[in-house]
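As written in TrEMBL, here are the features:
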type: TRANSMEM; residues: 37-59; note: transmembrane segment
type: TRANSMEM; residues: 66-86; note: transmembrane segment
type: TRANSMEM; residues: 106-125; note: transmembrane segment
type: TRANSMEM; residues: 137-156; note: transmembrane segment
Amino acid sequence: KGPNKVGYMGILQPFSDAIKLFTKEQTFPMYSNYVSYYFSPIIGFILSLMIWMLIPYYFNMFSFNLGILFFLCCTSMGVYTVMVAGWSSNSNYSLLGSLRAVAQTISYEVSLALIMLSSIILIMDFNMMKFFIYQDLIWFFFLMLPLSMCWISSSLA
């Protein structure tokens, strides 16, 4: 069924996609390194879930003092999972594709880190809670509008 037909206005579509994903038969390349080929997407998923730990919650005031550095480390570790996935398939085309994806990801991560560095200079701290505190009067999105547009374009790329 289409994306707007499952449930009311397509609300149940993500659950339908998850059920379809888990019930599909898994195929592996014949000469692949099975363990690293199987675990590299799982590790990438775990790294993306670890980034959600950085969201400071107001009800328990849990936040990292070096949360922005943790964010940069977790996002840069995702490059290794893509590289290992391409290498472990034991195919030249997969390896070249993963090398291209790694090069593109690193180039955009550098621009994102430099843009984030300008907002770090404004607050002079690596704590994510300070980002919320300093943006009470005016959001950094409007304060640094050209950099915000660069951030959006780099994030989408």
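Any Cβ shown, glycine's included, is placed from N, Cα and C.
Annotations in TrEMBL come from automatic prediction, not curation.
Within the chain, the transmembrane segment (106-125) has long-range Cβ neighbours (under 8 A, six or more residues past its boundaries) at 68, 72, 75-76, 79, 131, 134, 140, 143-144, 147, 150-151, 154-155, 157. Counting same-chain residues at least six beyond the ends of the transmembrane segment (66-86), those with a Cβ under 8 angstroms from any Cβ of the stretch are 36-37, 40-41, 43-44, 47-48, 50-51, 54, 56, 94-99, 101-102, 105-106, 109, 113, 116, 120, 126-129.
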